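Trainee: Straight out of TrEMBL:
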TRANSMEM  12-29  transmembrane segment
TRANSMEM  41-65  transmembrane segment
TRANSMEM  86-106  transmembrane segment
TRANSMEM  145-163  transmembrane segment
TRANSMEM  175-195  transmembrane segment
TRANSMEM  215-239  transmembrane segment
TRANSMEM  251-277  transmembrane segment
TRANSMEM  297-324  transmembrane segment
TRANSMEM  345-365  transmembrane segment
TRANSMEM  385-407  transmembrane segment
TRANSMEM  428-449  transmembrane segment
Amino acid sequence: MAEERVNFGSKIGVILATAGSAVGLGNIWRFPYMTGENGGAAFILIYVACVFILGIPCMIGEFLIGRHGASNTARAYTRLAKGSNWRWIGYLEVLTGFLITGYYAVVSGWCLNYIYASIMGELKGDPAYITSYFTAFSNDPIRPVFWTIVIFGITHFIIVHGVRNGIEKASKLMMPTLFILLLVIVVAACLLPGATKGIDFLFKPDFSKVTRDVFLGALGQCFYSLSIGMGCLCTYASYFSRQTNIKTSAIQIGLIDLLVAILAGLMIFPAAFSVGISPDSGPSLIFITLPNVFNQAFLSIPVIGWGVALLFYALLSLAALTSLISLHEVNTVFFYEELHITRKAGAWIVTIACCLIGAICSISIGQKSSMSLFGMDLFDLFDFVTGQLMLPICGLLMCLFVGWVIPKQIVKDELSNWGTLRFSFYKLFLFTMRFVCPLCILAIMLHQFHLI
Ligand code: PHE
């Protein structure tokens with residue numbers, strides 16, 4: 001079975017495609033803000049520790065399940081669980097991926113609209129105008145749905161071309177472009193007058209701000225940013241060849257994700273501080289605060305001024321698209337393998353179903369009063385249920401599964417292939433999956449519900 005499966009064609013394809021899944025909106029709309037608010041360089045140090053102590057081991061765990069299972073996430077777990085109830089983790093991961101896809105696509109669609117708006121000059125105006133533009137747009141029943149369908153169209157197109165000709169090729173093109181765009185905007189932002197204040201804010205370590213909340217925040221961000229617990233890593237790993245070194249790949253992907261997050265900070269803070277606007281996080285950062293920053297910081301620069309906003313939304317759309325592709329793939333491969341249909345048919349099921357979920361989420365924002373559950377509109381509800389509930393639960397179960405259930409020989413084989421496995425590394429990995437990661441994830445969950 002492992003031999004029959006399509007593989008990524010090259011090492012760089014493995015890294016870029018998987019890093020594409022990890023690098024997404026989380027790197028740009030959340031990490032910079034959390035860093036600035038939580039002690040600058042002190043937060044970065046904690047985050048780096050989280051990535052190495054927890055994030056990378058969890059990635060390795062998902063990779064080894066995926067490569068050994070050599071099939072969709074649900075079946076990979078089923079194979080390893082040998083009939084026990086542990087197999088349900090795979091289904092839960094696929095379901096989480098499915099639910100997140102629709103809502104992630106809505107925000108990705110917003111990014112596309114903002115590309116269009118910056119080309120058409122619709123984003124020029126005072127802060128009140130920018131806020132009302134965003135409110136009017138996100139509450140509109142039609143336009144966001146249109147853009148959600150457009151982004152699904154692009155994703156669908158890439159997915160139906162398969163693993164090598166679709167996902168790998170697209171990632172090889174999009175990820176380097178993303179880096180170039182990011183670097184161009186970072187340079188433009190850092191050259192602005194007064195930019196050093198922003199750089200200081202981002203990097204000046206302030207250990208007095210480091211509290212328990214900061215630790216838990218860094219942990220949660222690390223899981224989300226590395227796409228852990230949603231079947232994406234497991235699915236992509238099922239396309240790794242036997243030659244792929246799981247350990248080094250996980251380290252490289254973790255570092256790329258971290259680099260993009262820090263560069264995003266170097267793009268946002270210098271620009272914001274140079275015009276005296278204090279940045280916040282989430283949708284309001286990228287769709288309200290930043291258009292204002294761009295207007296005030298760059299618009300006076302002749303010729304290139306208006307282009308910075310355009311480049312920024314292009315960057316954001318690329319980051320979102322590569323993550324969306326990985327989410328789509330988790331479900332596509334699930335449907336086509338489990339229902340024994342073609343890849344194309346599987347992709348259509350996902351595209352249509354997720355377009356519907358996306359449309360409902362999007363419309364619910366404008367219809368808060370009539371379409372809400374537990375006091376949240378469906379958009380926020382999806383965000384909460386998937387991001388804060390299902391994701392940590394899947395992550396926790398995955399660690400326990402790798403640490404306690406999978407036969408040790410399989411873990412050893414997967415880790416040692418194409419490289420000697422040092423005994424100390426294996427023991428450390430097992431200890432992390434058995435105790436360290438589960439306890440940390442449990443702490444994040446209890447903290448989210450204000451229980452600690
Ligand atoms: N890692 C992505 C980000 O940083 C989010 C994501 C999570 C994407 C899980 C796919 C799967 O935005």
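Using N, Cα and C of the backbone, Cβ positions are placed for all residues, glycine too.
Note that the structure is predicted; figures quoted are calculated from it, not measured.
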Trainee: Which stretch, 41-65, 145-163, 215-239, 345-365, tops the Cβ pairs under 8 Å count with the transmembrane segment (385-407)?
Mentor: 215-239
Trainee: With pairs closer than 6 in sequence left out, are the transmembrane segment (145-163) and the transmembrane segment (41-65) joined by 3 or more CB pairs under 8 Å?
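Mentor: Between the transmembrane segment (145-163) and the transmembrane segment (41-65), which are separate recorded stretches, there is no contact, as judged by 3 or more close Cβ pairs.
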Trainee: So, taking each listed stretch (12-29, 86-106, 215-239, 297-324, 345-365) in turn and counting its Cβ pairs to the transmembrane segment (251-277) that are under 8 angstroms, which one gives the highest count?
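Mentor: Selected stretch: 12-29, with the most Cβ pairs under 8 Å.
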Trainee: Counting CB pairs under 8 Å, which listed stretch among 86-106, 145-163, 215-239, 297-324 touches the transmembrane segment (345-365) the most?
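Mentor: Answer is 86-106, with the largest number of Cβ pairs below 8 Å.
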Trainee: Using a Cβ cut-off of under 8 Å, list the residues of the same chain at least 6 residues beyond the transmembrane segment (86-106) that approach it.
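Mentor: Same-chain residues near the transmembrane segment (86-106) but 6 or more away: 24-25, 72-78, 80, 144, 148, 151-152, 155, 229-232, 234, 320, 323-324, 327-328, 330-331, 334, 350, 353-358, 360-362, 379, 382-383, 385-387, 390-391, 393-394, 397-398, 401, 405.
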Trainee: In the same chain, who gets a Cβ under 8 Å from the transmembrane segment (215-239) while lying at least 6 residues past its ends?
Mentor: 5-8, 14, 17-18, 21-22, 24, 26-27, 30-31, 34, 38, 43, 46-47, 50-51, 54-55, 58-59, 62-67, 69-73, 76, 90, 93-94, 96-97, 100, 163, 246, 253-254, 257, 261, 323, 326-327, 329-330, 333-334, 387, 390-395, 398, 440-441, 443-444, 447-448
Trainee: Would you mind listing the long-range same-chain contacts of the transmembrane segment (12-29), meaning Cβ under 8 Å and 6+ residues beyond its ends?
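Mentor: Distant Cβ neighbours of the transmembrane segment (12-29) are 104, 107-108, 164, 167-168, 171-172, 174-176, 178, 221, 224-227, 232-233, 236, 239-240, 244, 249, 252-254, 256-257, 260-261, 264, 268, 281-283, 285-286, 315-316, 319-320, 322-323, 325-327.
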